[in-house]
Amino acid sequence: MPRRAASPTPSENEVDIAGALFNNDSDFEDNSSKHHTKKGAVTNSGLDLDFNDLLGNGDDGLPSFNGEGDDDEAFIASLTRSSQRKSSNIQGKSVKKGGGFQAMGLNAHLLRAITRKGFSVPTPIQRKAIPLILERKDVVGMARTGSGKTAAFVIPMIERLKGHSPRVGSRALIMSPSRELALQTLKVVKELGRGTDLKTVLLVGGDSLEEQFGMMASNPDIIIATPGRFLHLKVEMNLSLASIKYVVFDEADRLFEMGFATELTEILHALPPSRQTLLFSATLPSSLVEFARAGLQEPSLVRLDAETKVSPDLESAFFAVKGGEKEGALLHLLHDVIKVPLGPPEGTKEESDELQARKRKREYRPNPKEKPTEYSTIIFTATKHHVEYIANLLKLAGFAVSYVYGSLDQTARLIQVDNFRRGRTHILVVTDVAARGIDMPALANVINYDFPSQPKIFVHRVGRTARAGQRGWAYGLVRQSDVPYLLDLQLFLGRKLIIGHDQKNPSFAADVVVGTLKRDGVDVNIEWVEKALKESADLKALKGVAAKAEKLYMKTRNSASSQSAKRAREVTQSRGWTQLHPLFGEEAAEAQAARDDLLSRINRFKPQETIFELGPKGKSSRNKAAEVVRNMRSRFKERKTTNDEDDEDVDMEDAEGKPDGEETNAFEDFEDEEEEGEAEEAEEAEAKEDPYADDSDSEMEVTVSSSMHTKKKGGPVNFQDPEIFMSYTPRTTSLAEEKAYGVHSGGYSGNSFVEAARDATMDLTNDESAKNFGLPTKSKMRWDKRHSKYVAVANDEDGSKGAKMIRGESGVKIAASFKSGRFDRWRKDNRLGKLPTIGETEKSQLIRNFGAQPGQPRYKHKMEKAPKDADKFRDDYHVRKKRVAEAKEKRIGKYKDGEGSKRELKTATDIRKARAVAEKKREKNARPAKRQKR
C-alpha cells in the first residue's frame with residue numbers, strides 16, 4: 001500500500017499527522033527504529049507521543065477503550081502537545097516566560113554569543129527597545145545606569161548587519177562622548193559579534209592618525225568613534241557617509257551639549273536622511289525638542305526608571321565639611337569609614353615587560369580581582385589639577401592610587417584604568433570623564449570630593465557602583481556653598497532630607513542623610529596634611545594650582561535654583577547641620593555632642609577679673625590699676641546682647657513653668673519652641689497661599705522651584721490670580737526633574753522661558769548702527785586684555801578665538817588643522833592610488849595590508865637603515881651630517897656596532913668569512929696566488 005499524501009489543509013497548529021502515522025514508504029517498519037521509553041511513550045519521527053494517555057490505560061496498565069469513537073481526537077491532541085513541547089526548546093534552552101532573547105527572532109550565532117556573554121533574560125530596556133529597533137524605528141531610550149543599554153543597541157545592530165559586506169562603505173556608526181566609553185563599547189561589540197566576520201574600528205583621540213587611515217581604508221562595517229577624531233578623519237580623508245544605515249548616539253544628552261555642537265552639526269549634515277537613529281542615556285528629558293538636530297523621524301520614546309533614577313541597592317551619605325578641611329575629611333573617610341588598607345593590594349605583583357611579552361595569550365576569563373570589594377573606591381574631582389593634587393596626596397599617605405583625566409595620554413589612561421580593574425590599586429581619582437558609561441567591575445564606593453553642579457552628573461557618578469545586584473555606597477563632601485546643589489539633588493531624586501539626628505534609624509538607600517564627620521578623626525588628618533605640605537614642595541605647588549583651578553571652576557559651573565539658595569540658609573543654620581552623621585551610631589553622636597558642648601563652654605568662658613586685678617587679696621595688697629578697673633566697672637554697666645536678653649527671658653519662663661527640683665536646659669527648650677513656632681507658621685502660610693492643595697503629594701513633592709511668591713507688606717502686589725491664571729509651566733510635572741534632565745538646561749542659569757523668548761526675536765533690518773526702538777547693536781569686536789588688542793566676538797562664540805578656521809560642508813567653522821594633507825602624504829608613502837568609493841568592490845590589497853582588527857597583531861617592517869654619508873658637494877651636507885651623527889649615537893644600521901662600521905677585534909667567524917670572500921675574489925679574477933719570497 002503506498003504512502004498516503006499529506007493533507008492539503010493543515011491543522012490549527014500546522015501539524016501534519018500523516019508524518020506520524022506513516023514514517024516510511026513501506027508498510028513493514030522495522031521495530032528497531034522505535035525507541036521505547038520508560039513510561040511507555042514511543043518516539044517516532046522526532047515526536048514524543050504518550051500512548052498511555054492516548055489509549056487511556058488504567059491502573060493495571062491495560063488499555064481501556066470507552067467505545068465513544070474519540071480515539072482520533074486523543075491522538076491528534078497528544079501529537080499537538082508533543083509538537084509544542086519540541087518547539088519550546090530552542091538552542092537547548094527553554095523560553096522564559098514573558099519573552100527572552102530566543103523569542104526576538106535573533107540568529108543562532110548571536111544567541112550563542114549572548115549566552116556566552118552571560119545574558120539569560122533581557123533587561124527591561126532591552127525587552128522594550130530591541131523589538132522596536134529590529135522594526136527599524138528611531139528609538140530614544142532612557143534607563144538607569146547599569147541596566148544594559150549598550151547591549152540594547154549592539155544586539156539589533158549585529159542582527160541587522162549579519163556579516164561583512166564586500167561593498168565599500170561603513171554601515172553603522174556609534175558616537176561616544178569619551179574614549180573610555182568608546183573602548184568599552186568596542187569590547188561589547190567584539191564579544192557579541194563572535195561568529196560573524198564583521199569588521200569594527202575604534203577612532204578616538206590620542207591614537208596614531210596613520211593607523212586610523214589604514215583602518216578606514218580597510219572598509220570597516222562598524223565605526224565606534226568620538227566626535228572630534230571622527231570629524232578630523234572625515235575632513236582629512238574626505239569621507240562619504242552615504243552608506244551609513246545605523247547611527248547610535250551613546251550618552252546622547254552629553255553629546256548634544258554645547259561642547260560638541262560644531263562636530264555633531266558637521267557629522268549630522270553628512271549622514272543620509274534614510275538612516276535609523278538611536279539615542280541612549282541614563283538622563284534624558286521627556287521632551288525630544290532638544291534633540292531636533294539629530295534628525296529623528298517619528299521616534300519611539302522608551303523611558304524607564306524615571307522614578308528611581310539611581311539603583312535601589314545604592315546607599316548614600318553626605319558629610320558637611322568646611323572648605324579648608326576637605327583633604328582631612330577625605331583621608332578620614334578612607335581610613336576610618338571605608339577602611340582602605342595601605343600599600344598595594346595583597347597578591348598583586350608587578351610583572352616586567354619581558355614576562356608580559358613571553359606570556360601566552362589565552363581566552364579572556366573574569367579575573368577574581370574584578371569583583372566588587374569593600375575597598376575599591378573611585379573619587380570624583382572638579383578638574384585635572386585636583387586629580388593630580390589628590391592622587392599625589394593619597395600616594396604620600398600610603399594608598400595604592402590610579403588617576404585618569406581627559407588630557408592624559410591615551411596609553412597612560414589605559415594603563416591606569418587597567419591597574420584599577422585588575423586590583424593593583426584600590427583608589428581611582430578621576431574627573432567626570434569616567435562618570436558616563438564606563439563599567440568598573442571592581443567598584444564598591446564612590447566619593448564626590450567636589451559636589452556635582454548638576455543632578456544628572458550625580459546620577460552618572462554614583463551609577464559606577466551598585467550594579468548587577470551588588471550593594472554600593474556613595475559619599476559626598478558638602479561645603480556651605482554646595483548646599484543649594486544638594487537641595488536641587490534632593491528635589492530631583494524626590495527623597496526626604498534628614499539633617500543630623502532628626503529621625504532615628506534613617507534609610508540610607510531611600511533618604512538624603514546629612515551630618516558631620518568625627519571631629520577627632522578629621523583633626524588628626526588635617527594636621528598630617530599640613531605637615532605634608534610643609535615637607536613637600538611639589539605637593540604644595542600642586543595645591544596652589546588646584547586652588548587657582550577651583551576659582552575658575554566656581555565661576556563657570558552652573559548656578560543652583562533660587563529656591564534652593566533660599567532654603568540653603570535655613571538648612572545651614574539648623575542645629576542638625578553640625579550634628580554627627582547617623583552613620584556613626586548614637587553612642588558616637590552622644591560623645592561628639594558632649595565634646596562639642598564642652599568646647600562651646602570653654603569658648604564662651606569669660607573671667608570675672610581682668611589681668612590688672614590678679615594678685616593677693618586683702619587690704620595690705622592694694623593696686624592702683626585694680627582700683628581703676630573696679631571704679632570703671634561700677635560706673636559702667638555691661639552691655640547685654642540680644643542673645644543674652646533672649647536667654648534671660650527663656651530662663652525666667654522656664655523657672656516659672658517648672659517645679660523647683662527639676663533641672664532645665666534653657667538653650668534646648670528655646671530651640672524646641674523656636675522650631676515649633678516656625679513649623680506652625682509654615683503650616684499656616686501653606687494653608688493660605690497654596691493654590692494647589694488638592695493635588696497629590698507625589699505630584700507636588702518636587703514643585704518647590706515653582707512655588708508662589710509670598711506677599712510682602714509695602715511691596716508690589718502680585719497680579720496673578722491662582723484660580724484663573726494660566727502659567728506656561730505645567731502644574732503637575734516636576735520642574736526640578738525636567739530642568740535637571742535637560743540637555744542645555746542642566747543648570748539653572750539662563751534657562752527660564754522668559755529669557756529664551758527674549759532671545760528668540762527676529763530682526764529683519766540691521767542696516768544701521770542701531771536696531772529698532774533704539775536698542776544698541778551687539779558689538780562685533782571686544783578688547784582682549786591679555787594681548788592688548790581688539791578681537792572678533794564671533795571667534796569667542798564659535799570657539800575659534802582667532803585661530804585659522806575653514807568652512808565645513810554644513811557651513812560651520814572647523815579648525816584648519818583638520819585639513820592638513822597628512823592623508824595624502826600617507827597614501828603617497830604607502831604607494832596607494834585612488835581608493836575605492838562608496839558602492840565599489842573593496843580591494844584585496846588594502847584588506848591584506850590594513851585589515852587587521854583592533855587588538856590583533858599587525859605585521860610591520862622593523863628594518864632600520866642608516867642615512868647615507870654626507871656629501872660636501874650637495875646642498876644638504878650639514879643636514880645629512882647631522883642625521884649621520886644621530887644614527888651613530890643611536891647605533892642604527894651599519895653603526896649598530898659602534899662609531900666605526902667594524903669591530904676592533906675580529907672573531908673566528910669573521911676571519912673565516914673574510915678568507916672565504918678573498919678566495920672567491922681570487923677565483924673570479926683567475927689570478928695565480930702570489931709566491932712567497934725566499
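Numbering starts at 1 and runs along the chain as displayed.
A Cβ is built for glycine as well, from the same backbone N, Cα and C atoms used for every other residue.
Keep in mind that this is a model prediction, so the values were computed, not measured.
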Given ranges 21-43, 67-89, the stretch to which Swiss-Prot attaches the annotation region 'Disordered': 21-43
DSSP residue counts for the motif 'DEAD box' (250-253), split into helix, strand and coil: 2 helix, 1 strand, 1 coil
Cβ within 8 Å of the mean position of the Cβ atoms of Ala143, Arg144, Thr145, Gly146, Ser147, Gly148, Lys149, Thr150: remaining residues of the chain near ATP: Thr123, Ile125, Ala282
Residue among binding-site residues Gly146, Gly148 with least C-beta crowding, 10 angstrom cut-off: Gly148
Same-chain residues near the motif 'DEAD box' (250-253), Cβ under 8 Å, at least 6 residues beyond its ends: 140, 149-150, 153, 174-177, 181, 185, 279-285, 291, 294, 436-437, 456, 741, 743
DSSP-derived helix, strand and coil totals, residue by residue, for the compositional bias 'Basic and acidic residues' (864-926): 35 helix, 0 strand, 28 coil
Local confidence of the prediction over the motif 'Q motif' (99-127), expressed as mean pLDDT: 90
Assigned element (helix, strand, coil) containing Gly146 (ATP binding site), judged by DSSP: coil
Three-state composition of the motif 'Q motif' (99-127), taking helix and strand from DSSP: 18 helix, 0 strand, 11 coil
Count of other CB atoms lying within 10 Å of the CB belonging to Thr145 (ATP binding site): 26
Local Cβ density at Lys149 (ATP binding site) - other Cβ atoms counted within 10 Å: 24
